[in-house]
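As structure tokens, the structure follows; a few thoughts come after it.
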Amino acid sequence: MDSVVMARALFGSSMAFHIIFATLGVGVPLMIVFAEIFAGITKNSDYSLMAKRWTKAQAILLGVAIPSGTIVGVMLSMLWPGFMEIMGQVIAVPFQVEIWAFFLEALFMSIYIYAADRLSRKLRILSVIMVSFGSASSAVLITNVHAWMNTPRGFKLADGKVTDVHPLQAIFNPSFAVTAIHVVASAFMTGAFCVGSIAAYKLLKKGKSEREREYHRRSLYLALIVGLVCSMATAINGHFTAQMLHHYLPLKLAAAEGLFETGPHAALEIFGSTSLEKQEVVGGITIPSALSFLATDRFDGVVRGLNDYPRELWPPLYIHTLFNLMVIIGGFLVALSFGALFYRLVLKRPYPRWLLAVLVAGGPLSLIGIETGWIFSCTGRQPWVISGVQKTADAATLSDNIGVLFGLFIGLYVLLMILTITVMRYYFKRKPVARELGVTEGS
Ligand code: HEM
């Protein structure tokens, strides 16, 4: 296999692993913030216990997010020296500031954990808000570089040399705001749905005491509220992200929707797969004029098609499936959290077992949304690493030893995943909710 493909496989698998922990590292602190706030408002100690237990989980997640993030950072220079040469001169600032965001998170995490007993409720809430602010800021700053890769601004490239650098133009590139909001909102919703999955799973399990079930019902309720708000924010912002593609990256939108011909009344294709031979999406559900409306706010708005561009600049057409998966998961999770809250608040009935079983899937589905979203965005940028400026092939290392590294790192990630799950299970089995609530299990 050629070295560019191997470099992409190694970097892609490292990112796919790191992003799970990085996303939960942003999502879980927000859940802790709300648990602390609910504890303050309701004076119910269950919420304090949730905050305490989720903080332990967050500490374990951070333990993996930090080394895996460091690996990704090292790989950037190792695998993409050509990219680092341009990126380093134009938009290195967000990476540097990110270290401060991380400091902020770590500092307030230490205060929150080690001085919790000595702090008033208000100061505890403030310190965990700072943890959440630090982790979300890290995500925004890293996303800043990703957005710049999609819509690069703030420099000129003449004879392979970077000139005329304007860091602020690079930082505030056209896709920055909309992309940063999408990444943070989707991380928040993922944190909520993962907490919800665990609570729903515990409620499905037989033999739990009523006191324990009450604790898990509260946890699920909190997760559903945060999950509904953040999944709606993700979907609404996703719409603006698609409009950003229409303005700045129309080829990516055309590939996402399998649209070949430019024109008004462009249809939205749900499901199906893009056929190059037939020049259309086959086996999908077609909603006439909907893509025009989504992209331009008008049913007769003109959307550009793939055939407007040379074939060698097309991204792979399978990104239609990735885009579909992300959007369908987003829509499904809005409906799921809304439906579950309707059951509880309007019908005032306990969640039926089938609904709990579906809710268990919420966390894994969000994580699939995160993975497909990132793969869609980065694969949809191909053949460019910096859109319209540098091709991926020109940025990659020339080393041909990456195959061995790829094998080693896959092994490392499998090991780290097993270790994380084992440590989590060990900790939470040693300190079951029942014991912390002061009841014996099953009573
Ligand atoms: C519900 C409707 C959604 C729409 C319309 C939507 C739209 C988009 C678009 C257009 C992009 C590409 C941006 C680019 O390449 O510059 C994107 C990327 C992404 N999406 Fe979504 N999305 C939706 C739901 C979700 C959900 C549910 C998740 C995860 C739980 C998610 C996570 C991501 C991630 C991580 C990225 C990559 C970062 C980025 O480039 O923005 N999205 N989304």
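Each Cβ is built from the backbone N, Cα and C atoms, and glycine gets one as well.
Annotated in TrEMBL:
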TRANSMEM  15-38  transmembrane segment
TRANSMEM  59-79  transmembrane segment
TRANSMEM  99-116  transmembrane segment
TRANSMEM  128-149  transmembrane segment
TRANSMEM  176-199  transmembrane segment
TRANSMEM  220-240  transmembrane segment
TRANSMEM  317-342  transmembrane segment
TRANSMEM  354-376  transmembrane segment
TRANSMEM  404-428  transmembrane segment
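If you look at the transmembrane segment (128-149) against the transmembrane segment (220-240), you find fewer than three C-beta pairs under 8 angstroms, all six or more positions apart, and that falls short of contact. Here the listed stretches are 59-79, 99-116, 176-199, 317-342, and the one with the most C-beta pairs under 8 angstroms to the transmembrane segment (15-38) is 176-199.
In this chain, the transmembrane segment (404-428) does not touch the transmembrane segment (176-199); fewer than three CB pairs sit within less than 8 A of each other, excluding pairs fewer than 6 residues apart. For the transmembrane segment (317-342), the neighbouring stretch richest in Cβ pairs under 8 Å, chosen from 59-79, 220-240, 354-376, is 354-376. Between the transmembrane segment (99-116) and the listed ranges 59-79, 220-240, 354-376, the one holding the most Cβ pairs under 8 Å is 59-79. Away from its own ends, the transmembrane segment (59-79) comes close to residues 7, 10-11, 14-15, 17-18, 21-22, 24-25, 28, 109, 113, 396-397, 402, 409, 413, 416, 420, 423-424, 427 of its chain (Cβ-Cβ under 8 Å, at least six residues beyond either end).
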